Amino acid sequence: MKAIIHLTLLALLSVNTATNQGNSADAVTTTETATSGPTVAAADTTETNFPETASTTANTPSFPTATSPAPPIISTHSSSTIPTPAPPIISTHSSSTIPIPTAADSESTTNVNSLATSDIITASSPNDGLITMVPSETQSNNEMSPTTEDNQSSGPPTGTALLETSTLNSTGPSNPCQDDPCADNSLCVKLHNTSFCLCLEGYYYNSSTCKKGKVFPGKISVTVSETFDPEEKHSMAYQDLHSEITSLFKDVFGTSVYGQTVILTVSTSLSPRSEMRADDKFVNVTIVTILAETTSDNEKTVTEKINKAIRSSSSNFLNYDLTLRCDYYGCNQTADDCLNGLACDCKSDLQRPNPQSPFCVASSLKCPDACNAQHKQCLIKKSGGAPECACVPGYQEDANGNCQKCAFGYSGLDCKDKFQLILTIVGTIAGIVILSMIIALIVTARSNNKTKHIEEENLIDEDFQNLKLRSTGFTNLGAEGSVFPKVRITASRDSQMQNPYSRHSSMPRPDY
């Protein structure tokens, strides 16, 4: 046992000597040397918690080691030794040497619960500026435990660390245009997960270059699913539509002639085919096809080739309609079909915004300069018409050209709004009707009250007369309220009531 302790002390002395030599140098240079035999791991009186496996051996491949020699060190921790293929790492912060085990090769017989793999962490120390390669242990449960130079078995390394793994996730960018893949001052247009390069008008992108070509505008009808949204230009469905149209034109004209197809607008419409399914619809796609400048195709041949390809295939395309190139640029028809958009003459109602633009657009709306009088402003009275100087709403121009306020009941532009007048008339009539109804209600109520008072007076009078008759002493009052009592007399039997109508002599006879 004493012999082992003496050997350990000798090893520590040699380590201190190597450490002093390393501190005098400015940098540590590493070279690759082949290690043929295993090195016995050892530790000083400060124990380091490293995984150990008793009575295990492993074949060790060669690893890069430091230039300073490292003698074998006998472990005093236990009776078993741990063979390690890696050379010991000499620390510049303490007097102990920490052997770090690494992974064994395919012939290793080490237990599966022991060390599995080993990655290399490059750590830089802020104190001495030295860089050391420290192997970090990887347990079987995929937990990383990097080793530092301060005799610690876990925790993050000091300084800047770079971890190198064998598997790298090389996923592409989420935005295809973020790396600016388009050259020659072209624009990168993003779709869903792909993109294409767009050049100036009349040019197409080919081999990282914008080349001049012939422009053939038109419209093509394509069958799409019911859920297709033409506004979602970054959707997968829109990307498929762009790819389908591009493939059609590339197959029709060939790669030597075909340049590029640009989608301008996409509009939805009802399907003209009755045999289509209910969940299908078609869209009208306004496109511009650019062919090589040396092509012999014209507008007629281009239309014929495309429609022929549509009829002969069972694709989702319905038909292709040509748009004249001169109409596309807004120019008058020329003999060369407006091949040079900059040289064509604009139509009468259009103008070129600048000499470098091939398109003729509608003239800008400009108000007359003299429209600065009182109660006047620049207005567009007709849809699509030119602006003109007119009176503001509520005023009307007189014979002298001055703006006068509208008459009562009129308002709006040029005093054509009669709403106020109509409202006044209707309100007046409604007021009269309501007032008449109120008066009639009052009269009716007073009439009912007057009739009720007359009946009460008649009842009072009858009661008064009955009381007056009772005071005379007559017991046989007259019938039906008569003040004269009836007297019964006996009439003679011989005398008969004479009917006045029976005396014909005294009565004139009727003449009928």
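Count begins at 1; order follows the chain as displayed.
Cβ coordinates are placed from backbone N, Cα and C, and glycine is handled just like the others.
Keep in mind that what you see is a predicted model, and the values were worked out from it rather than measured.
Residues or ranges marked as topological domain 'Extracellular' in Swiss-Prot (evidence: sequence analysis): 19-421.
Annotation comment: Swiss-Prot describes 22-38 (among others) as compositional bias 'Polar residues'.
The feature region 'Disordered' is assigned by Swiss-Prot to 22-67 (among others).
Sequence annotations record features per position, and here Swiss-Prot assigns region 'Disordered' to 133-176 (among others).
Feature annotation from Swiss-Prot assigns compositional bias 'Polar residues' to 135-176 (among others).
Among the features that Swiss-Prot reports, N-linked glycosylation site is placed at Asn151 (among others).
The N-linked glycosylation site annotation in Swiss-Prot covers Asn169 (among others), and the record cites sequence analysis as its basis.
Swiss-Prot lists Cys177-Cys188 (among others) with the feature disulfide bond. In the three-state DSSP classification, Cys177 (disulfide bond) falls within coil. Long-range C-beta contacts of Cys177 (disulfide bond), restricted to its own chain and to partners at least six residues apart, with a cutoff below 8 Å, comprise Cys188, Val189, Lys190, Ser195.
In three-state terms derived from DSSP, Cys182 (disulfide bond) belongs to neither a helical nor a strand segment and is classed as coil. Per Swiss-Prot, disulfide bond is recorded for Cys182-Cys197 (among others), and the stated evidence type is sequence analysis.
Asn193 (N-linked glycosylation site) carries neither a helix nor a strand DSSP state and counts as coil. For Asn193 (N-linked glycosylation site), the Cβ neighbour count at a 10 Å cut-off comes to 13, with all displayed protein chains included. The feature N-linked glycosylation site is assigned by Swiss-Prot to Asn193 (among others), with sequence analysis given as support.
Neighbour density for Cys210 (disulfide bond): within 10 A of its CB lie 20 other CB atoms from the protein chains shown. According to Swiss-Prot, the disulfide bond annotation covers Cys199-Cys210 (among others), on the basis of sequence analysis.
Feature annotation from Swiss-Prot assigns N-linked glycosylation site to Asn206 (among others); the stated evidence is sequence analysis. Neighbours of Asn206 (N-linked glycosylation site), defined as other CB atoms within 10 A of its CB across all chains, total 18.
Asn284 (N-linked glycosylation site) has a Cβ environment of 16 other Cβ atoms inside 10 Å. The N-linked glycosylation site annotation in Swiss-Prot covers Asn284 (among others).
In this structure, Cys338 (disulfide bond) belongs to neither helix nor strand by DSSP; it is coil. Same-chain residues at least 6 positions away in sequence with a Cβ under 8 Å from that of Cys338 (disulfide bond) are, in sequence order, Arg325, Cys326, Tyr328, Tyr329, Cys331, Cys344. For Cys326-Cys338 (among others), the entry in Swiss-Prot reads disulfide bond, with the evidence type sequence analysis.
Residues or ranges marked as disulfide bond in Swiss-Prot: Cys331-Cys344 (among others). Just so you know, the Cβ of Cys344 (disulfide bond) picks up 22 other Cβ atoms within 10 Å once every protein chain is counted. In the three-state DSSP scheme, Cys344 (disulfide bond) falls into the coil class.
Annotation comment: Swiss-Prot describes Asn332 (among others) as N-linked glycosylation site. Packing around Asn332 (N-linked glycosylation site) is summarised by its Cβ count: 15 other Cβ atoms lie within 10 angstroms of its Cβ, all protein chains included.
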Open item on the list: For the disulfide-bonded residues listed here (Cys199, Cys326, Cys371, Cys378, Cys389), tell me which residue's CB has the most neighbouring CB atoms inside 10 Å.
Closed with: Cys199
Task: For Cys346 (disulfide bond), the number of other Cβ atoms found within 10 Å of its own Cβ - done: 16
Open item on the list: If I take the alpha carbons of Asn193 (N-linked glycosylation site) and Cys182 (disulfide bond), what is the distance between them in whole Å?
Closed with: 16
Open item on the list: With every protein chain in view, what's the tally of Cβ atoms within 10 Å of the Cβ of Cys188 (disulfide bond), excluding that atom itself?
Closed with: 16
TODO: Give me the Cα-Cα distance between Cys403 (disulfide bond) and Cys389 (disulfide bond), rounded to a whole Å.
DONE: 11
Task: Packing count at Cys367 (disulfide bond) (other Cβ atoms within 10 Å of its Cβ) - done: 15
Task: Pairwise Cα distance for Cys182 (disulfide bond)/Cys367 (disulfide bond) [Å, integer] - done: 44
